[in-house]
């Protein structure tokens, strides 16, 4: 090949690699999920799933599952969802809370409260070793800044694979121990943005944390207060006196050093569940469900058998046809586990300060929404409300709007039912969901979607939709959700009062407007790439023509030589009650998935790294002598 042509070929390859589709799109195709077993009839949801490497030295890969939005209202948005633990899979969120589908038996049904109505959803099993993610078993993470660094690397590679989402408005949402993860990730994103050019910054627009484990000081102090308020314990009783003594021990330890989890304080929750347990007629003990105190469970599980959907979700995610659809490696031996006890045991974060300390600085730049289910004990609303009341940010303390005056609690009604209240001041919003558990979207999917739509300032009138009847202080604003689809086989909202029910307004005209909005959102990037390809082809043809005229003996470009590159929700308590359903089951299989060119988005394969990996391993429910069951890693 003539030097001029060789130089041109090199230049064209570099130019094309710069274009936002080329290599990223061809690699993204490897992640495409064509369909899911048991998927309901109707328009399919566009999905991508698979692993992205975040630690090449220790075979660390994070698993993601991405769902494209149904509608685009005003602008593109992406919600990145994380569950708790540490070590509990975000498939809890995908399959039991905010994702497009719920599992019934071996089939999927539509979730009318799915948050993908107006936002792309990205679920990530975080940190490495959680759920379908994996890493060498001696390389679990220990601190929150380590986790934050790896998550930034994950996002860099994800947006390189899917550049069409890189400029979306980004919202991080999650629950429980994600109350630690999310603020740390946000801090790392803001630090990255300070160093990045204007066109390379990520549009972090908000953080949304439900029943979060954020401030150990207030949360540990709330256990007894919540037990008294709900009538689980009688204040002044002998049992209460025992627990007050344990609270004194806890406070003494916190006076020395406040860590993210403190065993002397974890014991308070364990003892509440122990002393309030009752004997059944069969001689077995029943205890309160720590995630929803309206319910009971067998002791010492105390909520680990909940939610009931888990009995269908676990076998579904272990099916071979499902793991193949999600691009999980065939060498995986034991299948998906909700929580990985080894991850939780390693991730003690003893050198990390509680994320509560990050909130005042974050609130200067990013709106934050905290929400609570009123019936959750383990990360209860009293602790969250007291944390807010004690915290100073943006020039004042708590929800104070002027000296001595606090922002009011504004009544929230949803389709005529009392749903809770909203309270907000200086970039912080608090939402209380009445009659809701630790997993609010599980109980009230459509109410939770109404919340996220308000947070994202969705105006569905932009696509011709009709808002559902959601009112704050009697006012019905435009930033609300659509009613559910008529006749769909949705997992219903089953709370007393009839749940969240409605009818569909998504007619053909609405769909037409939605399609037009999608086209406008993606048109520009496709047009740019098309222009580049046309120019490149024209230049290439001109050089070939000119060289053939100059060298009559030339027989073709490259002569066939192949020119160019060929190549859970966690919960805490009961002495590290952080891991739900914990059962040690360390993976020993290898992982052999396709390399993604120079992105190193890969999984381990045969060779020097053939050793033990952890992929969502976890331990079975065990009665730890003298402690009750251990959830080594989940809030």
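Note that Cβ sites are derived from N, Cα and C of the backbone, with glycine treated the same way.
Remember, it's a predicted structure, so these values are computed and weren't measured experimentally.
As written in Swiss-Prot, here are the features:
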- 1-24: signal peptide (SIGNAL)
- 25-524: topological domain 'Lumenal' (TOPO_DOM)
- 112: N-linked glycosylation site (CARBOHYD)
- 176: active site (ACT_SITE)
- 376: active site (ACT_SITE)
- 427: N-linked glycosylation site (CARBOHYD)
- 438: active site (ACT_SITE)
- 464-512: region 'Disordered' (REGION)
- 525-545: transmembrane segment (TRANSMEM)
- 546-635: topological domain 'Cytoplasmic' (TOPO_DOM)
- 556-635: region 'Disordered' (REGION)
- 556-567: compositional bias 'Gly residues' (COMPBIAS)
- 573-587: compositional bias 'Basic and acidic residues' (COMPBIAS)
- 597-612: compositional bias 'Basic and acidic residues' (COMPBIAS)
- 624-635: compositional bias 'Basic and acidic residues' (COMPBIAS)
Check the DSSP secondary structure of residue 176 (active site), expressed as helix, strand or coil. coil
Quick one: Cα separation, residue 176 (active site) versus residue 438 (active site), in Å? 8
Might you list, by sequence position, any residue in that chain lying six or more from residue 427 (N-linked glycosylation site) with a Cβ less than 8 Å away from its Cβ? 363, 364, 366, 367, 368, 393, 394
What's the most sparsely packed of the recorded positions 112, 176, counting other C-beta atoms within 10 A? 112
Alpha-carbon distance [residue 376 (active site); residue 438 (active site)] in Å: 5
At the Cα level, what's the spacing in Å between residue 376 (active site) and residue 112 (N-linked glycosylation site), rounded? 24
In three-state DSSP terms, the structure that residue 438 (active site) belongs to: coil
